[in-house]
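K.L.:
Have a look at this one before I ask anything.
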């Protein structure tokens with residue numbers, strides 16, 4: 001990286017070592033990292049405090065009755081979960097695993113028990129969950145296991161409710177979570193680390209992380225009295241690579257921390273190619289499969305046996321898809337309830353085991369929604385904030401729906417225990433319409449930015465290399481205007497860049513002209529009009545990008561201004577977004593951006609509104625409708641509820657769980673990137689809405 005003019009930043013060589021779960025590192029590296037990291041999850045986590053259950057008070061008896069009276073051992077009091085005779089065995093008796101994915105990090109801790117009880121009412125005896133590394137180690141050596149990241153409390157709660165657990169430890173989890181669960185600071189290591197590989201530098205990072213994580217969960221293994229019956233390594237690796245050394249390393253590292261008795265497993269698609277690449281032959285790791293709902297499961301289970309040792313291959317679909325994910329700009333994915341239930345019955349009726357993906361999807365709060373790619377980088381598909389997944393338990397926890405009832409009927413038919421009664425849906429309330437006020441124009445705030453938040457370099461630098469993991473980065477440079485205008489081209493945009501020009505290098509001192517938006521999935525050159533500036537024209541790009549070309553020449557000399565939303569309710573350092581209206585009481589008409597068409601764009605701005613909940617009223621779940629707004633992020637009482645993009649659709653409303661709200665005044669802050677609702681109004685409503693954009697909901701079968 002080129003030396004910076006003002007704040008010389010280099011890519012830090014992150015040689016992190018861990019000793020007994022603690023960081024042992026040179027202090028100067030620690031100080032540097034803590035200085036340059038400007039984001040913090042503490043507000044995010046402090047809003048989500050959750051009292052841990054005492055593990056010592058939990059019953060060490062079997063979490064659930066056995067489904068069969070048959071016994072493999074004479075001693076039935078031995079606490080053990082194992083595989084033999086192509087079956088699962090729990091405490092010496094055959095066990096049919098009927099599980100479901102429910103991810104603790106997509107649900108507020110205050111609702112964990114509610115959602116788990118609904119999963120039990122569906123008939124599940126097991127919960128499967130990922131563990132996202134980036135949630136628990138947002139900075140190198142900074143460990144977070146509290147609030148929504150309080151994994152141990154979630155696991156002990158599962159045991160309290162007599163639910164077994166299948167733990168998906170990663171280190172890679174799923175593309176539908178930001179960076180597949182990897183912390184973005186891995187991208188800043190010099191030299192580059194090859195993720196999901198046997199690259200020694202990457203393996204050292206994994207060793208450090210698992211050296212912290214796995215000893216924490218080891219006391220909760222089933223053989224130690226806890227609920228964890230199986231631990232997954234990697235995820236669907238056979239669809240990504242073919243690196244047996246990497247998988248073998250993960251297996252050995254897991255055994256080192258968890259012992260020989262716990263069942264380790266992999267999950268791969270039910271094709272020969274995926275299983276060849278993603279499995280480890282032999283007794284050490286059990287190979288599970290997933291496949292399209294509706295496919296004939298038993299030929300796939302027969303194929304599965306080829307990748308497990310004789311007698312060690314119980315039929316398990318570890319991701320039975322109850323619905324499907326939805327990307328921005330797509331139709332809302334819906335799957336027929338009866339079709340899904342019939343596919344499930346084909347497995348359970350022949351004593352197969354299954355894990356519903358998802359039992360309850362939840363929400364991708366904050367900046368955590370992931371993305372999928374297709375044939376190439378331009379085929380980019382960002383995921384919705386909602387992770388409803390058309391699951392039997394909806395995003396808000398509703399169970400009064402056809403899919404929940406259909407799946408429950410099938411489970412009840414083949415299960416050996418009576419199911420709990422079905423709980424009522426949680427109350428949801430619309431708190432009405434409320435007015436917002438424009439409290440700040442982004443470019444008005446530039447003069448107040450601390451110089452420490454500005455980095456100068458010859459070339460634009462991606463935010464990870466400036467140790468900013470989330471939020472926005474504003475890139476500023478200058479170029480000489482031409483009478484006929486110029487052409488701007490950015491070869492690599494990740495993932496969206498808004499382009500502005502001005503005759504003033506500070507933007508707030510003069511008129512700002514919105515030029516256009518470049519998107520990863522439709523990357524094209526755009527025209528820069530002649531701004532008729534006395535000197536050079538200032539160029540402002542809000543986004544993440546590579547080298548920038550103006551009229552075919554690489555543009556040099558850049559300032560990068562950090563806008564990380566590190567405390568979720570603050571513009572960097574100078575003012576709280578909520579209080580900024582007192583600093584900018586008058587927003588003149590010139591703050592509407594001109595555009596080289598008839599459209600007028602407000603530009604990236606902050607809007608604040610308030611609504612009250614009476615002391616005698618119940619605080620209930622709600623949704624905020626962003627119809628009429630365009631694209632941005634929303635904060636309720638300083639909590640980042642996620643991204644909105646109703647003009648792309650299909651999601652119109654953001655789910656606001658009751659624990660975020662409070663009696664009295666509640667504050668909504670919106671960072672709108674383009675233009676707001678013309679009336680500056682937001683509605684609080686009592687139901688979801690996935691009918692925005694040009695597309696409509698459809699029912700399809702996977």
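Each position is counted from 1, following the chain as shown.
Cβ coordinates come from backbone N, Cα and C, glycine included.
Sharing the record's features from TrEMBL:
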DOMAIN    88-413  domain 'Glycoside hydrolase 35 catalytic'
ACT_SITE  236  active site, proton donor
ACT_SITE  319  active site, nucleophile
DOMAIN    604-666  domain 'Beta-galactosidase galactose-binding'
K.L.:
Where's the emptiest Cβ shell within 10 Å among the active-site residues 236, 319?
P.N.:
236
K.L.:
Pull the DSSP breakdown for the domain 'Beta-galactosidase galactose-binding' (604-666) and write it out as helix, strand, coil residue counts.
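P.N.:
The counts are 3 helix, 32 strand, 28 coil.
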K.L.:
Determine the mean pLDDT over the domain 'Beta-galactosidase galactose-binding' (604-666), rounding to the nearest whole number.
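P.N.:
Averaged over the domain 'Beta-galactosidase galactose-binding' (604-666), per-residue pLDDT gives 96.
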K.L.:
At the Cα level, what's the spacing in Å between the residue listed as 'active site, nucleophile' and residue 236 (active site, proton donor), rounded?
P.N.:
11
